[in-house]
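**Q** There's a structure below that I have some questions on.
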Amino acid sequence: MTMTPEQQAEIDEQRAAPRETLRTVSEGMEKHLYSAIPVLDHGFVRVIDYMGDDAAICQAARVSYGKGTKSVQNDEGLIRYLMRHWHSTPFEMCEVKLHVKLPVFVARQWIRHRTANVNEYSARYSILDREFYIPAREALAAQSSVNNQGRGEGLTDEEAARVLDILKGDAARCYDHYEEMISGDGQAGLARELARMNLPANIYTQWYWKVDLHNLMHFLRLRADAHAQYEIRVYADAICQVVADWVPFAWKAFEDYRMGAVTFSAQMVACLRRMLAGEEVTAENSGMSAREWREFEAALRG
Ligand SMILES: Cc1cc2nc3c(=O)[nH]c(=O)nc-3n(C[C@H](O)[C@H](O)[C@H](O)COP(=O)(O)OP(=O)(O)OC[C@H]3O[C@@H](n4cnc5c(N)ncnc54)[C@H](O)[C@@H]3O)c2cc1C
């Protein structure tokens, strides 16, 4: 379960107390405020706070006194121009603060994105909940034979059942031992900061994560991508929904000029020019390595 009834009641209470403000409000983002988007079996992403909207990006780009908006079309055109030309600082004027509940092994990948502010639940101070990520049947797959950093064919039913049994058994046993070690029942009980060391990497942790829109889009470019591990990609996908509602113009520009864009090397561009001039360009006469040629072909195929 993602939320306990008590946690849901706290969220409902926050959502039931709107206040008037002079600050910029993004209507699309208001509907997300405080609510949790469920991710994986016990995880979630929820918006705690945000600053700015599409107009704020234009306002910063024009360093204006008022709203900065000339017209909606002008704003969209300006945002697309900024994105196309990597004029990134106006996007840093928007910020979002998220509350994320995620398995520890996902957190290890996530924390590599250094350009955010993080405050994590303290397992020195508090006792971790008995909540472990157990993959859905369809998320279980064998090691990929072509990509060392990924999964390939799905598992048979029998193999999947064996793996799930191991995962559930290990999680239960480790958590039982964790509880046993910290128990003060007739014994001193081990400190929480030490007892946690036997917990597996699929236990859930939580953090507040604050980041500006420029760096958030960099995160999404890498983690909502097909090359990212499924378990972090589903979090990135959830955040993509939020960003699309928060700053629709910036989101569309990001989809067009980053997510959906392809980068060609100088060699690739030279090959493209030769192709357009009618020359038959092959792996052998391309001047590229076999791997780069495959990537080039894949980019052209789409
Ligand atoms: C598919 C995939 C596979 C990966 N595999 C591995 C792996 O096998 N092993 C591994 O260790 N990591 C791996 N990573 C993590 C990856 O190498 C990056 O650490 C991670 O994606 C964060 O990217 P970043 O540094 O650009 O982001 P951020 O830390 O958010 O930084 C954003 C940008 O700010 C600048 N910046 C930030 N800090 C510095 C700094 N100290 N010095 C200079 N510039 C800085 C850089 O321009 C950087 O691109 C993988 C990532 C992906 C997406």
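Glycine residues also receive a Cβ, built from the backbone N, Cα and C atoms like all the rest.
Curation plays no part in TrEMBL annotations; they are all automatic predictions.
Just lifted these from TrEMBL, have a look:
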{"type": "ACT_SITE", "residues": "Arg223", "note": "active site, involved in ionization of N3 of dUMP, leading to its activation"}
{"type": "BINDING", "residues": "Thr89, Arg112, His113, Arg114, Glu120, Asp212, Leu213, His214, His218", "note": "FAD binding site"}
{"type": "BINDING", "residues": "Gln109, Trp110, Ile111, Arg112, Glu120, Tyr121, Ser122, Ala123, Arg124, Arg196, Arg223", "note": "dUMP binding site"}
**Q** Can you grab the distance from His218 (FAD binding site) over to Gln109 (dUMP binding site)? Cα atoms, rounded to a whole Å.
**A** 14
**Q** Could you check which of the binding-site residues Thr89, Ile111, His113, Glu120, Ser122, Leu213 have their CB within less than 6 A of ligand 1?
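**A** The ones that qualify, in sequence order, are His113.
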**Q** Using a 10 Å radius around each Cβ and all protein chains in view, which of these binding-site residues has the most neighbours: Thr89, Gln109, Ser122?
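**A** Of Thr89, Gln109, Ser122, the one with the most crowded Cβ is Gln109.
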**Q** Would you kindly give the Cα-Cα distance separating Arg223 (active site, involved in ionization of N3 of dUMP, leading to its activation) and His113 (FAD binding site), rounded to the nearest Å?
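**A** Per the Cα atoms, His113 (FAD binding site) and Arg223 (active site, involved in ionization of N3 of dUMP, leading to its activation) stand 10 Å apart.
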**Q** Go through Ile111, Leu213, the listed binding-site residues, and name the one with the sparsest Cβ surroundings, counting other Cβ atoms within 10 Å.
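**A** Per-residue Cβ counts within 10 Å for the binding-site residues Ile111, Leu213 bottom out at Ile111.
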**Q** A 10 Å Cβ contact count, applied to the recorded positions His113, Arg124, Arg223: which residue has the minimum?
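**A** Output over recorded positions His113, Arg124, Arg223: least Cβ neighbours within 10 Å is Arg124.
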**Q** For His218 (FAD binding site), which of the three DSSP-derived states applies: helix, strand, or coil?
**A** helix
**Q** Enumerate same-chain residues with a sequence separation of six or more from Glu120 (FAD binding site) and a Cβ-Cβ distance below 8 A; give 'none' if the list is empty.
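**A** Counting only residues 6 or more apart in sequence, the Cβ neighbours of Glu120 (FAD binding site) under 8 Å are Ala107, Thr205, Gln206, Trp207.
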**Q** Using C-alpha atoms, which one of the recorded positions Thr89, Leu213, Arg223 comes nearest to Arg124 (dUMP binding site)?
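**A** Closest by Cα: Arg223.
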**Q** At the Cα level, what's the spacing in Å between Leu213 (FAD binding site) and Gln109 (dUMP binding site), rounded?
**A** 19
**Q** Just counting, how many other CB atoms are there within 10 A of the CB of His218 (FAD binding site)?
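**A** Around the Cβ of His218 (FAD binding site), 17 other Cβ atoms lie within 10 Å.
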